[in-house]
């Protein structure tokens, strides 16, 4: 029941945004009685805090699963970029975006979101270094990996209001060339 | 009076977010009577639509002014990146972010925000090409300029919940090296 409530919260964050995600809609969506929901999560904030952890864990699991599917070989760098871009344009990124933006002006929510976000950021960085087989002991490599992650975050934000899959593909093709050149 | 109302709307978007920006708060902040405000902007949406245009125009003016201050010479690429990053971490970017995210789940607002955002995107691209003296007739140059703008957008989003000015500086230093190498 807890999992159903959290999944419903994430789905509503994507469809209706943070402000439009109400406890009533969540219980309807999850098919859970108001009483049962209030037992698990007495307030919207309790629900959202738990959803923050849920979103974070989901992002980690999704990324690791996608990473495991990447083939070795000459197209690997491009495949890694494609995987990251898919992740940063997925519903779970959109849900996270809603939480970030809400947290910006809500100190209680920020106290929950910021440490989790830092952890996800570190894990995503570590995973990307590993997938790209990047040697961070070389000068400038760490910053290139960071730039890659900021680039896909920017592409993710752009994708939320414009459908620009073709533009994104060309940019990733080009960045893949530059990254391979710089990392080799 | 109109300008005061729009400036107050933008300031409230930054401080309280889209959901926390109410017409009552705007009239208080602007020092304008409720009656006068309702005369100019009958609904919150009217106010927000006008604020969207105002934010967009402000972004254009701020960018052009910053661009005019960039010196020529060997540090020019890094200065251009610094200018873009300053812009994408400024209050006017934060206000725009609030509007984008609200527009994602509000079709009426999206209809206002999306075309303006495309125009700003094109103008920022054109300005960046000009400032970097980039030759877009060469293969891959256009995509690198686009990647640069997506990078600073990603840095801007990251900066809204974590203060990472030092991290940002190192990334921009490195990106500047890559960009100079690739564009020359």
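Using the three backbone atoms N, Cα and C, a Cβ is placed for every residue, glycine included.
No curator has checked TrEMBL annotations; they are predicted automatically.
Note that this is a predicted model, so its numbers are computed, not measured.
Taken from TrEMBL, the feature domain 'HTH tetR-type' applies to B:1-59. Note: the domain 'HTH tetR-type' (B:1-59) comprises 50 helix, 0 strand, 9 coil (DSSP; helix = H, G, I, strand = E, B).
The DNA-binding region annotation in TrEMBL covers B:22-41.
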Checklist entry - Between 0 and 100, where does the mean pLDDT of the DNA-binding region (B:22-41) sit? => result 94
